[in-house]
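Below is one structure, written out as structure tokens; the observations come after it.
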């Protein structure tokens, strides 16, 4: 900015005068606009005018002025408000250290002990992050915050915006938001916002819908211009998209790192646009230009400048690699050095402040880079003679600033500002009035939200519908799966007879129906965790309450739940011949539906009460087990142990089951189908001397009363039918309230400040810094200039030339073909550093993907040759590709990641030790020695951005690429010093003969000059220039000027100038078709000639070499797809996966908790169950309930596997590091030892409490049968883990695989012989009984558990009747000899008490189980395990392994 503008800024201390001046200028601009906008409003603009956001002539400044004028002219519109901030004595600290130790299964308890010590009063180490910051940013001003990573820039911005999680603001710090202080964090939360560096959006929502939602959420109560809220939000969306050049992405999904959507730069602009639509008067932007090209970075700053000038918005922005044009838009600058303030003041004076101190600014270095260089002793240049006079350490710089007259003047301004805007004064009242006028009438005055709660819910409902339309797969698969399950259950219990023979089957049917309806929404937990970060971001922006989104999702799910209740329950009810009465049917459907809603609230509240998925899974599994076991069927109420009976009282499912049982049995008499005694010799016995073989039967009656049956068997009372419905409703509302409240107040787990994490036993090397800060996690790294040539000695020298001609790439969007790359030509030679540049979305990353053969979709055409020969299948592993996203295994160390790449990607003939030594050289070369043994971690707890980028490049260098190195945005997100260090590294590699093709955004003039050649693309993937850059970019500049471009100013950055020339920068236009200009140029002709020469010469040389040298075995091996043989791949991958699991204690201990707690719960719920008839039934259900863990076990494995697979498919597979077979087998095998350990724990915690060992005592087989039971539990866990891999192998989402897995799991449970014995199954389903693995599992476990012992009936299980004559023994002798059973007293002459079962083997026979089949069952379980492994591999190969593409065709 010029000095007159700066002076105007600094003199404007009166906010009211400033606002009046802004309004006066707005009126003047509107009246005298040079654009044809007279008589137009922004909402009724002529098509193609400057106010039309969908037209080519749209002008953002003209639109803003017109919008402001319209707002001023509307008396009902809310008053405009602005917000500045003054801060002094600002100190921020955290607790901890700059390093930590990695938690593993073995040492996590040590961490627990340290936390316990802290809880009992042991003080933590205090770490200062920001120290004594002072500054003043008035309304309408822009502040740029400069400093390297780790200097405290992010912490400062978060503090100003009120986001202080993970650190503490000192209580003596003074922050004055123009007369407002404590209210900013709550009442005015959305008025000061922080926009993080990462982009978090719903990936399958379109860009247009994402931004419409944000605009609508901040729509004011009264809208000037006479349009409704929908039109206003739509117009604001179109305007903001036009401002940031993303109008063309309106109907494209946003995507993320794993779901293809808009480009990375476009996604960043979506994040910026979303934040702008919040209309916050104070905006904090944290490195928001990361991933943007320089033109869009400048346009971003220009837009902020426009908002500040016209609307009075205040912006605080941290920038890395800030172009000079972007820096010039700012009024003030804050320079931070390890948390100390070393300058705060006008941007125009900052450079001079350090120059007069004795430092030198190199030629063509931007002001921002010069200021940032002050924080690095390796970068700052001292004037000769000033070596002993300039400050060196952060404290010396801070002390020099404290003593400066500039600081004294700043403190005077802060004092005046605080006096003018006293806290809680009149400006606070004005601010409240303006905010209130904007809010909906139904909104609370103290609420930070604009819309009323009802409006928020409606808006979230709209978004929910858009998301459902975008991805209905989970809903459809759930509905389909539930309908199939209903059909299967109905067919199993098809047309039940209305007599006593179906009593158990009716109970089992209703039990399964209740569980199916109640537990079918368990996967909702996964969805809630996936979207939590997005919703919390929107809450910080004050767009809506998190509970409003939660409430809308409840409503959004209602149509599905209603449809599911109708389709599933109609099929189930009528096919099974449940009570054929209208009232009974509708009560059944109604009860099932409200149970579904209640349990949906249960799952949602569980998810909202916990902060991560791993926290909740084990406990939710035990709760689900409790809900299922204490429903009243598996363990009838009378058999529940006293200490656990309360579980049934707090279990909503038990109330539903009781009501459905009453609904089915109340006031019905069921004819008796089986009498005792009966058969030969008893045909003439009357009813008085025999009894129905059902509980609560009465001698002399040919039926059993339903009320009596459920009262005796289940202790159910008919009067509870509607009472239970009321209880269920109460639970529904209670759990719903818990869900909504917890959603608003409990946030997800966030990372701490960035710290380095080391494996226990490794120590961080001392770094020679005076102070460490939480944010840095390692401080500044030196440039690679200090590394000598010795580190380069082992770097692979390359000789091959890679060339491409007429490369095109087309994808299908809808029904239309879209061309992403259009006839691109070029080459990469050893020792040449080639830059690939273009506007965001021009296809740079796509071109790298195509050239590196990493695309998995679309149609590729053109010619790509290596030394004149087509690329072979070894091409991918012979090239290095450093991706823009720094994707690494979070649990590995830096050294392990590099060694893994070296061992598997270098030639198999290179000795192992040489590969390890090579990794050591790469570590030295990249200056990673001090953190070589640090854990990679996740952002926030592990390597910082710079360190991750170095590691990404290092992984590719460690592979020793034989052909060339691709780098996608290697300097993205890095500050200028680190970017310069990365270019130092590339320059060293180039000088050693490395061939490099590198995309780059926002290069400074000095950085741009370090490249040799440039491939420049415009939108549509069309070449604008390919050739040398030249000294001071002169060859490039001459080309454009010769073809009609205006001259490049001497002080301009050629990288920014050329974007303006071709009209790629937002707001810039050109009448020249630069693509056609290039195609007609002599430079293009020379490129074509050289490509033909290269093809002929290199092909001839290659063929000659192959003919004269012959083909050695090593040469043949070099053309293999993978460098390492399969067994070497498997070994290395297996070691890494074992390390990863060991270093994931939350995964292992949640698995342990799941198995141990569930086993204990089942075991002690059935503690020492007696061998009565119901006791045997309970023991059988004890096995059955243990098997229900299957669902939770596979749900735990699937998300873990999906994360590993995403990393493999995005990084390791395209690099041909190892094969998919090694990946899949290693992930399956790694579960084996842990499942073995879990089986032992589960066996001990379940087998002995139930008391099954007592059944082996009569035959003296306690140890044998105990071992057999453990083997069956072991195979169950192995089957579960392999089945999980089988399910997830083909699916992208764990939710879809979970739905299918639950469907198959339920089928296994249904057909295992517990709920319906083989004799009761329809003949059609017998094959399912035989193919269900649970058939053999239950049969084996049940026979081992209860065989070969006697049964003792409980008192209510005896059947009582009088003999015809004689004793009971004489009367029942014939019957007992044929059908078994025993009498309590054979000598009794009246009231015979008969027990139908004498031995447990009879009970086993009824469920087709026999102890003699135990080893057959064990063997068959292994058959199923092997089948799962084979099916997982087959499915993965069929669905997810890319097929070899046919030879490319010539593009049209």
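Just so you know, glycine gets a Cβ as well, placed from its N, Cα and C.
DSSP assigns residue 843 (ATP binding site) to coil in the three-state reduction, placing it in neither a helix nor a strand. In sequence order, 809, 820, 821, 1017, 1020, 1021 are the residues near residue 843 (ATP binding site), counting only same-chain partners six or more apart with C-beta under 8 A. According to Swiss-Prot, the ATP binding site annotation covers 838, 839, 840, 841, 842, 843, 844, 845.
Residues annotated as domain 'ABC transporter 1' in Swiss-Prot: 110-363. Per-residue pLDDT, averaged over the domain 'ABC transporter 1' (110-363), rounds to 88.
Annotation source Swiss-Prot lists domain 'ABC transporter 2' at 802-1044, citing sequence analysis.
As annotated by Swiss-Prot, N-linked glycosylation site applies to 2 (among others).
Here Swiss-Prot flags 10 (among others) as N-linked glycosylation site, drawing on sequence analysis.
Feature annotation from Swiss-Prot assigns N-linked glycosylation site to 228 (among others); the stated evidence is sequence analysis. According to DSSP, residue 228 (N-linked glycosylation site) sits in a coil region rather than a helix or strand.
Residues or ranges marked as N-linked glycosylation site in Swiss-Prot: 287 (among others). In this structure, residue 287 (N-linked glycosylation site) belongs to neither helix nor strand by DSSP; it is coil. Its Cβ taken as reference, residue 287 (N-linked glycosylation site) is surrounded by 26 other Cβ atoms within 10 Å in the chains shown.
Taken from Swiss-Prot, the feature N-linked glycosylation site covers 311 (among others), and the record attributes it to sequence analysis. The Cβ of residue 311 (N-linked glycosylation site) has 21 other Cβ atoms within 10 Å, all protein chains considered.
According to Swiss-Prot, the N-linked glycosylation site annotation covers 1350 (among others), on the basis of sequence analysis. Packing around residue 1350 (N-linked glycosylation site) is summarised by its Cβ count: 13 other Cβ atoms lie within 10 angstroms of its Cβ, all protein chains included. Classification of residue 1350 (N-linked glycosylation site) by DSSP places it within a strand.
Non-local contacts of residue 1365 (N-linked glycosylation site) by the CB criterion (under 8 A, 6+ apart in sequence, same chain) comprise 1371. Residues or ranges marked as N-linked glycosylation site by Swiss-Prot: 1365 (among others).
Cβ environment of residue 1391 (N-linked glycosylation site): 1360, 1361, 1362 lie under 8 Å away, each six or more residues apart in the same chain. The N-linked glycosylation site feature in Swiss-Prot is assigned to 1391 (among others); the stated evidence is sequence analysis.
Residues or ranges marked as region 'Disordered' in Swiss-Prot: 1-20.
Taken from Swiss-Prot, the feature transmembrane segment covers 474-494 (among others), and the record attributes it to sequence analysis.
For 508-528 (among others), the entry in Swiss-Prot reads transmembrane segment.
If you look at the transmembrane segment (554-574), the same-chain residues 6 or more away from its ends with a CB under 8 A from one of its CBs are 457, 461, 464-465, 468, 475, 478-479, 482-483, 485-487, 489-490, 509, 513, 516-517, 520-521, 524, 585, 588-589, 592-593, 596-597, 600-601, 604, 736. Residues or ranges marked as transmembrane segment by Swiss-Prot on the basis of sequence analysis: 554-574 (among others).
Taken from Swiss-Prot, the feature transmembrane segment covers 583-603 (among others). Sequence-remote contacts of a segment are chain residues at least 6 beyond its ends whose Cβ falls under 8 Å from one of its Cβ atoms, and for the transmembrane segment (583-603) they are 513-514, 517-522, 524-525, 554, 557, 561-562, 564-566, 569-570, 573, 620, 652-653, 656, 659-660, 663-664, 725, 728-729, 731-732, 735-736, 738-739.
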Cα-Cα, whole number of Å: residue 844 (ATP binding site) versus residue 228 (N-linked glycosylation site)?
41
Run the contact check on the transmembrane segment (474-494) against the transmembrane segment (1153-1173): 3 or more C-beta pairs under 8 Å, excluding pairs closer than 6 in sequence.
no
Neighbour count, 10 Å Cβ-Cβ cut-off, for residue 228 (N-linked glycosylation site): what number do you get?
10
If one measures from the C-alpha of residue 839 (ATP binding site) to the C-alpha of residue 311 (N-linked glycosylation site), what distance in angstrom results, rounded to a whole number?
29
Counting Cβ neighbours within 10 Å across all chains shown, tell me which of the binding-site residues 840, 845 comes out on top.
840
Could you pull out which residues elsewhere in the chain have a CB under 8 Å from any CB of the transmembrane segment (725-745), counting only those six or more residues past its ends?
545-547, 549-551, 554, 590-591, 594-595, 597-598, 601-602, 604-605, 608-609, 652, 655-656, 659
Across all chains shown, how many C-beta atoms besides its own are within 10 angstroms of the C-beta of residue 841 (ATP binding site)?
25
Setting 838, 839, 840, 841, 842, 843, 844, 845 aside, what same-chain residues sit with their Cβ within 8 Å of the center of the Cβ atoms that define the ATP site, listed in sequence order?
263, 265, 293, 846, 1017, 1019, 1021
For residue 838 (ATP binding site), the number of other Cβ atoms found within 10 Å of its own Cβ:
26
Residue 842 (ATP binding site), number of other Cβ atoms within 10 Å:
26
Nearest recorded site to residue 838 (ATP binding site) by CA-CA distance, among glycosylation sites 287, 311, 1350:
287
What kind of secondary structure is residue 838 (ATP binding site) part of, going by DSSP in three states?
strand
Rounded inter-Cα distance in Å - residue 1350 (N-linked glycosylation site), residue 845 (ATP binding site):
74
